[in-house]
Amino acid sequence: MGEITNVMEYEAIAKEKLPKMVFDYYASGAEDQWTLQENRNAFSRILFRPRILIDVSKIDMNTTVLGFKISMPIMIAPTAMQKMAHPEGEYATARAASAAGTIMTLSSWSTSSVEEVASTGPGIRFFQLYVYKDRNVVAQLVRRAERAGFKAIALTVDTPRLGRREADIKNRFTLPPFLTLKNFQGLDLGKMDEDVKWLQTITKLPILVKGVLTAEDARIAVQAGAAGIIVSNHGARQLDYVPATIMALEEVVKATQGRIPVFLDGGVRRGTDVFKALALGASGIFIGRPVVYSLAAEGEKGVRRVLEMLREEFELAMALSGCRSLKEITRDHIVTEWDASLPRPVPRL
């Protein structure tokens with residue numbers, strides 16, 4: 001099958017390698033999977049307006065997230081149960097993220113504990129959290145994450161209940177017997193503002209609110225004291241027929257009025273996707289499924305390769321658009337389908 005040349009190619013390899021139940025768990029979206037398709041398709045409704053008469057011999061992709069320096073605005077989203085994909089699971093992902101100089105978010109439904117992930121060596125890591133009925137459990141998880149050197153909490157707020165993923169129902173999905181969820185208890189519907197405020201009473205770690213798609217919720221997150229927002233539809237696994245995250249991004253960015261950074265996950269497979277998200281106001285993006293697919297295919301090496309390919313593609317998109325640093329990426333570097341209705345100001349010579 002020759003050399004892997006893009007992120008998408010790992011999906012077919014993962015499908016071949018993994019048991020059907022496992023691949024379907026990673027791959028599927030809710031119900032009709034309309035949003036799953038749309039997360040990808042929506043990127044193709046954004047085109048570039050490249051600026052060419054610019055010296056792009058030096059490109060700087062460095063950025064900071066919550067004050068932490070990283071090598072590029074491409075980070076790893078929390079994905080559950082990575083040892084189903086590869087025996088090294090979250091260990092391999094942590095090492096790959098660290099090698100790439102970027103942030104890994106560990107799922108609270110991980111098959112490796114916060115302590116185990118910390119033991120892989122240095123790295124900037126965030127811990128994803130659901131709010132459980134038992135706040136005692138949450139407090140214990142947060143303490144453990146803090147002690148293990150995790151730097152932030154990504155609080156997932158779009159999961160009062162799990163979405164309907166029909167492949168999992170058909171396959172009667174269960175965690176393979178030799179694996180355990182290393183940090184786990186039953187879910188509970190919380191109110192975002194109360195949960196964020198309560199979390200702030202038990203931890204000094206900054207809190208990213210993950211799963212926001214509207215201006216209204218963006219304002220609530222800002223008022224509750226969130227350190228940032230992740231525009232996410234949970235990989236299209238919760239409510240079907242919500243918009244693609246790239247379509248919801250600008251509304252959320254405008255609502256935050258620059259008070260806190262906004263990130264995006266969902267459907268990012270190309271460096272051009274990263275550029276488009278930044279042009280629409282995101283401070284960075286997170287990748288989910290490409291991590292588990294590449295992990296299944298080639299373990300740590302696969303995850304490293306995905307991060308490298310996205311980095312190289314993003315750097316090329318910047319160069320060909322005439323952007324030498326992230327701050328040079330502006331809304332004027334893209335045109336979207338929904339711009340067509342607005343007359344563009346013609347610059348006077």
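Cβ coordinates come from backbone N, Cα and C, glycine included.
When Cβ atoms from all protein chains are considered, those within 10 Å of His234 (active site, proton acceptor) total 24, not counting its own. If you look up TrEMBL, you'll see His234 marked as active site, proton acceptor.
Residues or ranges marked as glyoxylate binding site by TrEMBL: Tyr25, Arg165, His234, Arg237. Sequence-distant contacts of Arg237 (glyoxylate binding site), defined as residues of its own chain at least six apart whose C-beta falls under 8 angstroms from its C-beta, comprise Ser28, Gly29, Ala30, Gly163, Arg165.
According to TrEMBL, the feature FMN binding site maps to 78-80, Ser107, Gln128, Tyr130, Thr156, Lys210, Ser232, 265-269, 288-289. Long-range Cβ contacts of Gly288 (FMN binding site) within its own chain (separation 6+, distance under 8 Å): Ala77, Pro78, Thr79, Gly235, Asp265, Gly266.
For 1-339, the entry in TrEMBL reads domain 'FMN hydroxy acid dehydrogenase'.
Each residue contributes its Cα atom, and for Ser232 (FMN binding site) and Tyr25 (glyoxylate binding site) those atoms are 18 Å apart. Within its own chain, Ala80 (FMN binding site) has Ser107, Trp109, Ser110 as residues 6 or more apart in sequence whose C-beta sits under 8 angstroms from its own. When the Cα of Tyr25 (glyoxylate binding site) is compared against those of the recorded positions Gln128, Thr156, His234, Val268, the shortest separation belongs to His234. Annotated pair Val268 (FMN binding site) and His234 (active site, proton acceptor), C-alpha to C-alpha distance, rounded: 13 Å. Same-chain residues with CB within 8 A of the center of the Tyr25, Arg165, His234, Arg237 CB atoms, the glyoxylate site residues themselves not counted, are Ser28, Gly29, Ala30, Leu162, Gly163, Asp168, Gly235, Ala236, Gln238. Each residue contributes its Cα atom, and for Gln128 (FMN binding site) and His234 (active site, proton acceptor) these two points are 12 Å apart. Over all protein chains present, the Cβ of Arg165 (glyoxylate binding site) has 23 other Cβ atoms lying within 10 Å.
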